[in-house]
Number of protein chains: 2
Amino acid sequence: MKRLGEINGVLIDIDGTIFRGDQLIEGAKEAIEGLASSGKKILFFSNRGNLSRRMAYEKLMKAGIHTTIENIILSSYVAARFLHTNYPKKSVWVLGEDGLVEELKEADIKTAKRPEEAEWLVISLHEHLTYVDLNNAFKAVQNGARIIATNSDKSFPSEEGEAIDVGGMLGAIEATTNKRADVIVGKPSHFMVDEALKQLNLIPEECLVIGDSLGSDMAMGELFGFSTALVLTGGTTGEQAEKYSDKLDFILSSIASLITTD
Amino acid sequence: MKRLGEINGVLIDIDGTIFRGDQLIEGAKEAIEGLASSGKKILFFSNRGNLSRRMAYEKLMKAGIHTTIENIILSSYVAARFLHTNYPKKSVWVLGEDGLVEELKEADIKTAKRPEEAEWLVISLHEHLTYVDLNNAFKAVQNGARIIATNSDKSFPSEEGEAIDVGGMLGAIEATTNKRADVIVGKPSHFMVDEALKQLNLIPEECLVIGDSLGSDMAMGELFGFSTALVLTGGTTGEQAEKYSDKLDFILSSIASLITTD
């Protein structure tokens, strides 16, 4: 286990770690300021695929957390980068929200006119989903579109408790088309890690991942050789953390605890 | 293989067999009249869980097809009967439409005030589904509700081609809760067969199942010892039918073909 003093970069999850819904978690802002003022590079690093980086930037700034768009890595952005790099001429159909559409536009990815014509279906969290949206995504895949999902989290911490996440949308499509997602970019995948390390210009053992999810944040940290700090302000209970504790470097009641542990 | 003359009861699927969406399939009405006038008992027999029997009755009557409510067996009705018989004091949460709610009311099943309080989640096709509906169903199951699905069909034949069915809604919940449906009442299950035989007062070998689905209509027919007639007006192509043909008694381009085969 590393001491916090040996860490040069911190990858901070957003939902359940800094915010609960739109509510800033008490002490989060101060903890992040403390990390930054001790010279650590800070990256905001989230599986949220329904926001664009610009939207996340505005949300952070509004809460008094200063950063730059480049220091925010979201699965919406990473999905758009994947398509831009590997399939720049293909058209997509989106099961997702404005933030994802914004990132796809930024990456010059074009949208098919009809779901049947799309070569990729891009799936993200869609909190305004309707049956028609689900059916269009189904049609795209039935007609041959491959599936890229921003992430496959089962739930995310909303202000009213855990809420169904992309795993639900993806589950609906997979169960009815007999297809599996071809690409899932979100944590714990290497797609997110690659973008993060490129931006930080550090290697994993210099970095700490702070997050609330065992399945995405901690699993990624463990697999890729980051130090890990689990916070209990999101989707993981102390009891669940306990079972997994031999694989974690820190278990914190909140990111706010970091102020006093350094 | 039986001749049609040896058949005393006919179980007729509705979607893809009599209707495509709201459109009556040409010759369906006359074929059904022909069967009825040759003395066969007719049962309308559908996995549609978003309609009540009253609604299906009105739809049939409007199309000029005469029947009684008792001679319509829908998965919404059968799900409500299951709960009425086995769990009459439990409260449910519904991921479904008015027709299902109507059947549950008819069976004196009470609805929980909040999803977290429900002891059963009842899932059906929901063509006006929103994210909030999906999330409430997720909450019910996360808080311990068991799952009863009217059916688990992946798609149904709508006027605009195959559309995503209950399998999608169920897939979303199963993928995010790590639970499986406890009860699926629709064809090819015995729940539907039991209700049908009770109403017809016949045994399977006296009956013919007419439907467009290999997975529900034909699989049920084969498993329970009915004669089977596949129609190609719905979800099954001639090519698919061909592969399965040694397990079917009849393959018909449409239910309308029955007029001339007897």
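Even glycines carry a Cβ here, placed using N, Cα and C.
Quantities reported herein were computed from a predicted structural model and do not represent experimental measurements.
According to TrEMBL, A:ASP13, A:ASP15 bind Mg(2+); the candidate from A:ASP182, A:ASP194, A:ASP212 that the record adds to this site is A:ASP212.
Cα spacing between A:ASP13 (active site, nucleophile) and A:ASP212 (Mg(2+) binding site): 7 Å, rounded to the nearest whole number. Residues A:ILE14, A:GLY16, A:THR17, A:ILE18, A:SER46, A:PHE156, A:PRO157, A:GLY211, A:SER213, A:ASP217, A:VAL231, A:GLY234, A:GLY235 surround the recorded Mg(2+) site, their Cβ atoms falling within 8 Å of the Cβ centroid of A:ASP13, A:ASP15, A:ASP212, which are themselves excluded. The two recorded residues, A:ASP212 (Mg(2+) binding site) and A:LYS187 (substrate binding site), show a Cα separation of 12 Å. In this structure, A:ASP212 (Mg(2+) binding site) belongs to neither helix nor strand by DSSP; it is coil.
The distance from the Cα of A:ASP15 (Mg(2+) binding site) to the Cα of A:LYS187 (substrate binding site) comes to 13 Å.
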